[in-house]
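Student: First the structure, then my questions, so here it is.
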Amino acid sequence: MTTLRFTKGHGTGNDFVLVSDPEGEIDLSPVQRAGLADRRFGVGGDGVIRAVRSHRIPEGRELLEDAPDAEWFMDYSNADGSLSEMCGNGIRVFVRFLVEQGHIELAPGASVAIGTRAGVIDVHRIAEGFAADLGRWRLDGGEPLVRARDLPVARPGLGINVGNPHVVVALASDDELEALDLSTAPVLDPPPAAGANVEFVVPADPLVVDGIGRIRMRVHERGSGETLSCGTGAVAAALAVRYWAGSAAPNEWRVTVPGGVLGVRMFAAEDGERVALSGPAELVFEGELTL
Ligand SMILES: N[C@H](CCC[C@H](N)C(=O)O)C(=O)O
């Protein structure tokens, strides 16, 4: 039996169990990760995040060759114990955790490179919390039909990859969004091979105020079910609504999720258009348990 110290944190209500494991000595199996995330028999969370020095995890060592300053790696898994490439809310909470654990110092305005299974992510400390440059994005997997409970007819979704896969579906009204039953996974036809996080969005009317596009969103996450927020999902939602709105649409977005509001910004870079996510990061309590 080993004693495991953990910290509970969240970003706009998307909550995580965080474990500090600098030397990569805690080998959490998918079953143990799911146990930590279990809201009845464990600590409870939408995901489990292990903080490990990059040179102590194979996926991290690969990144260090090109990004030697990515000293820390975010080992993220969903509530069911499945690994995911990236977690937008999670990486903000992860950096806050590294700071509070004394693993790094990060002055306001400074940034830190973090290794993830989606590559190296630069995270900046800002007044409202943190901003993560999620990098390049791409349309992904066409337009699967999406069926969900209480959705009268199947709707075409837009596949977008922001390091992890998403399918974004436009709904007609806030009422339709509220009425949606996301207690079971939406059915995608054809089903993407690696599954997908599914976001349901309602563009505000008017869509743009003071140059900022506004969206309301709910999400059913791959491996976690409905969550109060999804950072990469908010990014995918803004990219999809901008795609549908056409060239006049802005590059600055506010995405309202049940757990709060996230900022999304698209910007030109040498390697092509990149996208950044900003929002709060909170640490709520600490504890220990025996594994
Ligand atoms: N909550 C996360 C997304 C987790 C994505 C995960 N469910 C997947 O399998 O890709 C976020 O804030 O971006």
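Just so you know, glycine gets a Cβ as well, placed from its N, Cα and C.
Keep in mind that TrEMBL annotations are predicted by a computer and have not been checked by a curator.
Taken from TrEMBL, the feature substrate binding site applies to ASN14, ASN78, GLY88, ASN89, ASN164, ASN197, GLU221, ARG222, GLY231, THR232. Taken from TrEMBL, the feature active site covers CYS87. The active site, proton donor feature in TrEMBL is assigned to CYS87. The active site, proton acceptor annotation in TrEMBL covers CYS230.
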Student: Among the binding-site residues ASN14, ASN164, point out the residue whose Cβ has the most other Cβ atoms within 10 Å, with all shown protein chains included in the count.
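Tutor: Compared across ASN14, ASN164, the most Cβ atoms within 10 Å surround ASN14.
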Student: If you take the centroid of the Cβ atoms of ASN14, ASN78, GLY88, ASN89, ASN164, ASN197, GLU221, ARG222, GLY231, THR232, the listed substrate site, which other residues of that chain have their Cβ within 8 Å of it?
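Tutor: Near the substrate site, beyond ASN14, ASN78, GLY88, ASN89, ASN164, ASN197, GLU221, ARG222, GLY231, THR232, sit ASP46, GLY47, SER84, MET86, CYS87, GLY90, VAL219, SER224, THR227, CYS230, GLY233.
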Student: For GLU221 (substrate binding site), write down the residues of its own chain that are at least 6 apart in sequence and whose Cβ falls under 8 Å from its Cβ; none is a fine answer.
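Tutor: Long-range Cβ contacts: ASP46, ASN78, ASN197, THR227, CYS230, GLY233.
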Student: Give the three-state DSSP assignment (helix, strand or coil) for ASN164 (substrate binding site).
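Tutor: Going by the DSSP assignment, ASN164 (substrate binding site) belongs to neither helix nor strand, so it counts as coil.
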Student: Within 10 angstroms of the C-beta of GLY231 (substrate binding site), what count of other C-beta atoms is obtained when all protein chains are considered?
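Tutor: Its Cβ shell of radius 10 Å holds 28 other Cβ atoms.
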Student: Could you tell me which of these active-site residues, CYS87, CYS230, has the fewest other Cβ atoms within 10 Å of its Cβ?
Tutor: CYS87
Student: Only counting partners 6 or more residues apart, tell me which same-chain residues put their Cβ under 8 Å from the Cβ of GLY88 (substrate binding site).
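Tutor: Same-chain residues close to GLY88 (substrate binding site) (Cβ under 8 Å, separated by 6 or more) are GLY11, ALA132, LEU134, VAL162, CYS230, GLY231, THR232, GLY233, ALA234, VAL235, LEU262, LEU277.
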Student: Using only the residues recorded as binding substrate (ASN14, ASN78, GLY88, ASN89, ASN164, ASN197, GLU221, ARG222, GLY231, THR232), report the maximum Cα-Cα distance in Å, whole number please.
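Tutor: It comes out at 16 Å between the most distant Cα atoms.
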Student: Determine, to the nearest whole angstrom, how far the Cα atom of ASN14 (substrate binding site) is from the Cα atom of CYS87 (active site).
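Tutor: Computed Cα spacing between ASN14 (substrate binding site) and CYS87 (active site) is 10 Å.
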Student: Would you mind reading off the Cα separation of ASN164 (substrate binding site) from CYS87 (active site), to the nearest angstrom?
Tutor: 8
